[in-house]
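S.K.: What Swiss-Prot shows for this protein is this:
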- LYS247, ASP252, ASP270, GLU331: Mn(2+) 2 binding site (BINDING)
- ASP252, ASP329, GLU331: Mn(2+) 1 binding site (BINDING)
- LYS259: active site (ACT_SITE)
- ARG333: active site (ACT_SITE)
Amino acid sequence: MKFHIGKDGEVKIILVYKNAEKVEEANDLYSYLKEKELFKGDLGEVYSHISHSEDKFILLGIGEKEKTTANSLRKAFFNAGKELMKFKVTSIKISIPMFKNLKYESIVQSITEGLLQSEYSFEKYLTKKKISPSIKNVYLDILEEKKEETINTINESKNLIEGIFLARNLVNEPAIYMTPTVLANNAKNQLESLGVEVKIYGKEKIKELGMEAFLAVSKGSFEESQLIVMNYKGNSNSDKKLALVGKGLTYDSGGYSIKPTSSMINMHSDMAGSASVIGAMKAIAMSKLEVNVVAIVAACENMISGGAYKPGDIISSMSGKTIEILNTDAEGRLTLADALWYAVDVVKADKIIDIATLTGACVTALGSINTGAITNNSYLMDNVKKASECAGEPVWEFPNNDEYKELIKGTFGDLKNSSGREAGAITAGMFLQEFVGNTPWVHLDVAGTAYLSSKNGYLQKGATGVPVKTLYYLAKGFKNK
């Protein structure tokens, strides 16, 4: 899909508010449809006037006027893209509208992203493919003085989509093919050509670093664990670094605290945190952001074998802190503990964001709408929230009262890796906080938002790419301060 500035295009998209009095460009048809209750202008509603007409257009509902947001525009244009594919439309034209509550840049970005998101599908293993993308050219009728801004916004949106689609593809890949080594090679292949330095460390180096918690989780698998370190240097005049740490469980059986079959089926998605940081790094590098970002992924599988770690074990970590294993299915926090300490002790990051499909408790609390968050720094949290709002990927902050720390204190080790059912999403985050020292840090629990069991707006079933956009906008605003 290519975007152009101009008024060409085979089919025009006409925007309609819910229950609008009239539609200038198609009022007779709209009045008829409204009277017959065939089209009301609900958000994402589409009426096609394409098949038997020289004046080809679609009516696209954008909902109630006062409720128009960047995200609602994404949803509407996603639906428009899907509808146009059914008719194999190859080119479209859109007059960029103005909304009092939205910046022009945000409007263009939302329209662009909505259309691009409509092209995504994961059909690699289907012998019969579904409807293929057909829109080759999109013509945008814009204000002349906004031309440069529009072109820049389109390019940035396309870079973001590249990162999002990469993340989605990595997560949707079944675990039989997406092993830790394959994940590492994907990071290398996708990022090195963009100027990102990618280093991959195997078991011996991981052991040398003292990452015993990470290694403990991987002991039950035949697949070798991989530490993936991606370094993007966008500002040579600064030594400030933002670290993105992604959970990289390419498959999680639960270990000896084994999951039921129904809970295992989608556990190839337990590396969504790692996929999001790889995707974000791609978008950051493609856009040449003037910022220094280091992404870290501790990739492994959590499996069962004679050598696997067990409930009741006490293990050490790169930080030196010891951990009692009460539940082998609380493994992500163990791999992250060492990856976070690597960000602190080796990378010496100035700010850290970790992203993980960490707890079912977060899904219970927030469902698939909001990403859960916990922090040790309110200023950084505010920046994450602003980035998430810009991205249309809402974040909800959990409390971090010191009293919760009592729930993760160990009896025979410094910490325990599970606090039971009580405040599970919070205590998991508090556990991670033990491995960041005084470095400003935010934990994002994407257990409910990174992978969907059913369609939600412009996000289809399966991997969503959340929170690639949030990480990108956070990095964009970081500016090495």
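Cβ coordinates come from backbone N, Cα and C, glycine included.
What's the neighbourhood like for each of these?
M.R.: GLU331 (Mn(2+) 2 binding site) falls outside any helix or strand according to DSSP and counts as coil. All chains included, 28 other C-beta atoms sit within 10 angstroms of the C-beta of GLU331 (Mn(2+) 2 binding site).
Taking the Cβ of ASP329 (Mn(2+) 1 binding site) as centre and 10 Å as the limit, one finds 19 other Cβ atoms among all the protein chains shown.
Long-range neighbours of LYS259 (active site) (same chain, six or more residues apart, CB within less than 8 Å of its CB): ASP252, SER253, MET267, ASP329.
Under a cutoff of 8 A between CB atoms, and with a sequence separation of 6+ in the same chain, the neighbours of ARG333 (active site) are ALA356, LEU358, ASN417, ALA428, PHE431, LEU432.
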S.K.: To see if you understand the setup: which same-chain residues, six or more apart in sequence, place their Cβ under 8 Å from that of ASP270 (Mn(2+) 2 binding site)?
M.R.: LYS247, LEU249, THR250, TYR251, ASP252, GLY332, THR357
